[in-house]
2 protein chains.
Amino acid sequence: MHEHAPKSKLELTRNQALVFDALADAGGPLTAYAILDALREEGMRAPLQVYRALTKLMNVGLVHRLESLNAFVVCRHPECSSHETAAFAICETCGQVDEFAPDEAVSLLQSWASDHKFALARTTIELRGECSSCHK
Amino acid sequence: MHEHAPKSKLELTRNQALVFDALADAGGPLTAYAILDALREEGMRAPLQVYRALTKLMNVGLVHRLESLNAFVVCRHPECSSHETAAFAICETCGQVDEFAPDEAVSLLQSWASDHKFALARTTIELRGECSSCHK
DNA sequence: TCTCGAATGTAATATTATAACGCCTCTGAA
DNA sequence: TTCAGAGGCGTTATAATATTACATTCGAGA
């Protein structure tokens, strides 16, 4: 029996599912090359396969890119629509990332953009520091 | 007459001054390798020379790193102390960057951090979109 | 059936960043 | 005066991140 599932918008291909699962299993951020290494046994062989899957996953809002880490995490709020305005608190000690939705801060940034006639496409908000578990 | 100027805290070395001037002259973001290419004639030869100067310039608050671009810009408010909380609006059409100080938004993020016992060290806030000159 | 868009596999390469080494020049304390 | 430490410099090599280019496959409609 081959795989003939009809593709809904959220169907993932094999590579996309592999990459998503690897990220989800990690429970934290991974670089593209860390994902690649985790998936060698599943047949993933080249960086491009990972990057392509990541691009798709980001487009559908299942994965975020952490710019200040050059790494990727699964979205904590995949049903929510505001994937363009998520924020992340990144612990520099343990590496854990906490995603949150800073709605008011984003509103203020949108106001700034609007005041300056800047057509805002997406925002990157990343906090660096030490999480409560680490600096206790 | 050799250079014997007594070193105050803001004295820059030759390499640091070269890198700062290259960035200032560019009037916009440059990557480390773009800076290197701009300074070949001044004797800059290796990436590390540029990265070392950039690190110092960032430490003294004269230069910012744009995480989402892997590039660097001169600080627009070098006298101001809050170099850890600047924000940037990056035009994806023309590449120009507008630095601003989103004090209220930063306060909200600081509140979030405080509420979550997150010891905030610095924030990255970068807006991507199209500037007024470009989408007119 | 035909064609189109999306995804794949692979090799090669481009871009960004750091490690490791030794040397030089200040400065300040002994 | 010496000398030890901190910071900067120059160089080579390499690591880490990301993309280009090209050929192929697959499935969904017209």
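Quick reminder: no glycine exception, Cβ is built from N, Cα and C everywhere.
According to TrEMBL:
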BINDING   B:CYS91, B:CYS94, B:CYS131, B:CYS134  Zn(2+) binding site
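Shown on the structure are the features that TrEMBL records.
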residue	record	Cβ neighbours (10 Å)
B:CYS91	Zn(2+) binding site	21
B:CYS94	Zn(2+) binding site	12
B:CYS131	Zn(2+) binding site	22
B:CYS134	Zn(2+) binding site	15
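Each residue in B:GLU92, B:THR93, B:GLY95, B:GLN96, B:GLU130, B:SER132, B:SER133, B:HIS135 lies on the same chain as B:CYS91, B:CYS94, B:CYS131, B:CYS134 and has a C-beta within 8 Å of the C-beta centroid of that Zn(2+) site, without being one of the site residues.
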